[in-house]
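Written out below as structure tokens is the structure these notes cover.
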Amino acid sequence: MVYTVIYVCWCLVLDSLLFVQAGSSEKLYKPVHSQIFTLRKHTLVYPAHDYKVFSVSTMGEEMQYYPRLTKDEETFKNIMSNPNLPYPKSTAKINKFVVYCNTQITSHGRKGNIREAESLFHRMPEKSIISYTAMLSAYANNGQIANARKLFDEMPQRTVATWNAMITAYVKNMNRVDGVEEAFKLFLQMPVRNAVSYTAMMMGFVNAGRFDEAEKLYKGTPLEWRDPFCSNVLMNGYLKIGKLEESVKTFEGMVEKNVVTWSSMVDGYCKNGKVGEARKLFDLMEENRNEFTWCSMIDGYMKIGHFEVGFQLFSQMRRESKVGIEPTILTVIFESCGRIGRYKEGCQVHGLVSQLGFEFDVFMGNSIIAMYSRFGCVNEARHLFEMMCEKDIVSWNSLIYGYVQAGRLEEAYDLFEKMDAKDSVSWTTLITGFSNKGLTEKCIKLFSEMPERDDVAWTALISGFVNNEEHEKAVCWFLQMIRNSIKPNSLTLSNLLSASASSAFLSLGLQIHALAFKLDMEHEVSVQNSLVSMYSKHGSVDDAYKIFKSIATPNTVSFNSMIAGFAHNGFGGEALELFRKLVDEGHQPNQVTFLCILSACTHMGLVEEGWEHFKSMRTLFKVEPGPDHYACIVDLLGRAGLLDEAMRLIKSMPVEPHSGVWGALLGASRTHMRLDLAKLAARHILELEPNNAAPYVVLSDIYSFMEKRGDEEQMRLSKKLRGIKKSPGCSWITVRNEMIVFCVYNVEANKFHQWLPSPLYCKHVAGEIKLSLLAVLMESGDSKFPSKLSTSSLGQVGLSKQSSQTYKSYSVNFHCQRSNSPISQALLLVYLLAHKVYGANAGVCHHEFRRRKGCWSSSS
């Protein structure tokens, strides 16, 4: 606490000290015979940080008449610590002393010096009602609610301000279960209330999530006290929980609005993706915009991908606004540049920061390091890091993150080892880095070395397992997390739902959904989005759509999840209709959105509509198509037989086509028997992926169909010489939490009887069998299936049970007339088991089999 002591040299015999509140210079310097205490020179003392008790003119007069003013903190402290200090008898002088002490108590309370405040309060010879209120507020600001309530009960009299201070104390310290109840009891006991009383109580209800009671109190608030403060509290409460419609109703019903009202509503619209509505309000504010308003609007545009508009708004703010360039706005710009990859603009703003002298500020320096780290420019980030005079733990973590993002794990680990103090973010960043490289064992080692593990660290480890398709480990570690009494967060549940969606673990998804209800997270948007994806991938489109409709304020990810669900389950029309709704509601479609839409058009054969959506990416929505979008269009054109148009599109691509683009052309070439394009596509795929067996298989099939046996054998020979093997496909079902896996094998006909304890017969269903499966079952190109039934419509399936630690594995042989078409029989098998066995969930996955095959002795 800093005090100012001003010495004024007077040519008087008596030395005296006078505490003053206001008045003319004549009153200030009138000789005082009843001295408070005596010094060698006459002394005037007043608080340094609260000039509200003085008039400006009086302070000016002091400086004018007495220029010899100096500061002496120690002198004042020595005076106030003197227990024998005589106090004046005059009431006027006592009041002036009380005013000063009240100011000091308030100052001590704000700075957390509660002992100094208590000491001064108890030593006051007389206390006013303001003294009690100041001390009560000091207790409240430092979380000492019991002491505050004790003082409140001891007060000889209370004013409205005292009651409000006690209610506010309960509201701000919501760690007590009965905080709101105690506050409301006091509110009901108040003899007189004012606007502050209603606002404080409203804040209590809103912070506790008790909006029904908040609404009731709001309706009972006198109209002259509602706006703007009570209305602002209720409106912001609705915005925090995503209830945009209710907040808009409150906003539109307000008669009086201030800059906080408008700024909060702009920010609310932006955070809920309604940037167009936010801009309308922003334009109406004109000269009343503050730093928060500009920052919210710029950030809103950046978050939906309209970087150019947001950056232009930033430039407009610099030109037109009276608001200065604050670090908060610059941080938003740096974060957006790093996230979107706008290197040029990021460097420009970095130059501006250097001109303003903010570059070596810790807060600003951390933002710039994080931006360069996201660009992958780790060397530039390291240079700035070395130049910073002061570094905090965020500085270290930002640079470690940059090394991790660049895949330079050794340097990240070296920097991590040099840190004096590591927090959870430091450990979690490294765990994420190693999991991205597939080094899950290293992740476990780091995790075990952590001194303290919070929910974020647990989630990072579980997420690593899910991303590396080690779903069983993800579940096991999640159970360990629960046993350690760590409450999972919404991201934890989202990762587990992704694990369920990527495998046949429907029961896991159902259990996580139930847990979300238990933890009161079923309305978390991230959890709801994951539930939509999970149910969609399991074929439960109706359940997915019910959850989607229950989302209070769906974001772009919500729409993407549902559009993908419709597209992958054959509901192309519904997918396109939902896309139109997304655009109509003002959401900005992104690259993922268009991938889902193009996929829907591909499955429905809508060539013209798919092409129009592809062109609109650049022209209407400013979304740059990536290689995956080109692959979808090539697939769409290929399925329609427009292979020459597909080839022209590939040649016109602004980026180098990846294997997915050539793979789409290769598949279309096999469908339409275009050997020339198949050879071209196969050559490009093998250049990109030399160990990919698909080109050999496809070309071999085309040669076989065209009866070019020599070329067919040449393809097979080339594949064998290169040591390339095509992994066989598999199917699996989950029955009562147990996974049963079915694999296709090449078994000689004369050994077939050894496999079967008893064959299973089932009727073949002619035509296409439509099943909601999790992935695509791929045909084994090397399999030669014996033909026992020449003209029969019966398919014979053989099962041979093998045991392993985790799964029951079954070898499946299909006996059908054509040796090269086991797919329909496999689908029939999955269909049979999924419908005849209670609780069975069916799925097929080629890559999943390839990952698991090492643990199956029969399939290695």
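Just so it is clear, glycine is given a Cβ too, placed from its N, Cα and C backbone atoms.
Whatever TrEMBL says is automated annotation, not expert-curated.
According to TrEMBL, the feature repeat 'PPR' maps to 128-162, 227-257, 258-292, 392-426, 454-488, 555-589. Among the features that TrEMBL reports, signal peptide is placed at 1-25.
If you look at the repeat 'PPR' (454-488), the same-chain residues 6 or more away from its ends with a CB under 8 A from one of its CBs are 424-425, 427-428, 431-432, 434-436, 438, 440, 443-444, 447, 495-496, 498-499, 502-503, 505, 508, 515, 519, 806, 847-848, 851. Under 8 Å from some Cβ of the repeat 'PPR' (555-589) lie the Cβ atoms of residues 272-277, 304-306, 525, 528-530, 532-533, 535-537, 539, 541, 544-545, 548, 596-597, 599-601, 603-604, 606, 609, 621, 623, 770, 772, all in the same chain and six or more residues away from its ends. Residues in the repeat 'PPR' (555-589) partition by DSSP class (helix H, G, I; strand E, B; coil) as 26 helix, 0 strand, 9 coil.
Nonlocal intrachain contacts for the repeat 'PPR' (392-426), taken as residues 6+ away from its ends with a CB within less than 8 angstroms of a stretch CB, comprise 362, 365-366, 369-370, 372-374, 376, 378, 381-382, 385, 432-434, 436-437, 450, 452-454, 456-457. Summarising model confidence by region, the repeat 'PPR' (128-162) averages a pLDDT of 85.
For the repeat 'PPR' (227-257), the DSSP-based tally of helix, strand and coil residues reads 24 helix, 0 strand, 7 coil.
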